């Protein structure tokens, strides 16, 4: 395959690589800082922050799966990618995307328990339960995703093809197959609906129940205090799902959408959450914010 997704002229590629490389360094710095602070601060060894640590790991995995081929394409203009490398990259990109989606759902459940059942929160969401949830997330991801590259090896690719993005995605690969792709398309849609689709549905359901509970609280001050604990997670939900929904709608119905807009939305879906999630949680979490300020002062 030949990587695509950067319609600008070759003379501007090198200049595009500089901000992209800076973004990757920002992802590494932000997420590793969050992980280090959660590990060091005993007060952050709570369910919400353990899930935040796993979200940081998923962000690191997703960005490390996406950035290398983008940087390689821009720095040395190497567009070629072998079939096996493309399948491996596709597996990790989709796997870390599913893991991030499932963690966002687990964090929504955490906020639901904290607001709707505060007295039972600490007895239900223990560290062992969070560990089991994380293991279940990884098992679910592997079970759904390992068949995608196996099914792709059954297809016939008789010629070199240009992909729509600077990385490999399942819907993009099957477009270039010369054989019947009905099974691949059907299974890909099944995986999408069973993972990201269900996760989004349950996240929305969680927030409907949270709003119902908050509206029953007597004073506005207490209502705002309860909702304030959800702001960071709501930002994570919007950052992750809005570009994904826009990309899906453009893929299905936007046949006349500009390739520039399609490329921008696809890159935003994969690049924005790993960069902005650590910033949002650092700003909204007092312990993390104080620890970061202390590091800068030193």
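Cβ from N, Cα, C; glycine included.
Going by TrEMBL, these are the annotated features:
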type	residues	note
DOMAIN	30-281	domain 'G-protein coupled receptors family 1 profile'
TRANSMEM	12-37	transmembrane segment
TRANSMEM	49-71	transmembrane segment
TRANSMEM	91-109	transmembrane segment
TRANSMEM	129-152	transmembrane segment
TRANSMEM	186-210	transmembrane segment
TRANSMEM	230-250	transmembrane segment
TRANSMEM	262-283	transmembrane segment
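Per-residue pLDDT, averaged over the domain 'G-protein coupled receptors family 1 profile' (30-281), rounds to 87. Within the chain carrying the transmembrane segment (12-37), a Cβ under 8 angstroms from the stretch's Cβ atoms is held by residues 6, 44, 52-53, 56-57, 59-60, 63, 67, 70-71, 73-75, 77, 271, 274-275, 277-279, 281-282, 287-288, 291-292, all 6 or more beyond its ends. Counting Cβ pairs under 8 Å to the transmembrane segment (230-250), the top-ranked stretch among 49-71, 91-109, 129-152, 186-210, 262-283 is 262-283. With a threshold of 8 Å between CB atoms, the same-chain residues lying at least 6 positions outside the transmembrane segment (91-109) that come near it are 48, 51-52, 54-55, 58-59, 61-62, 65-66, 130, 133, 137-138, 140-142, 144-146, 148-149, 167-170, 191, 195-196, 199-200, 202-203, 206-207, 233, 236-237, 240, 270, 273.
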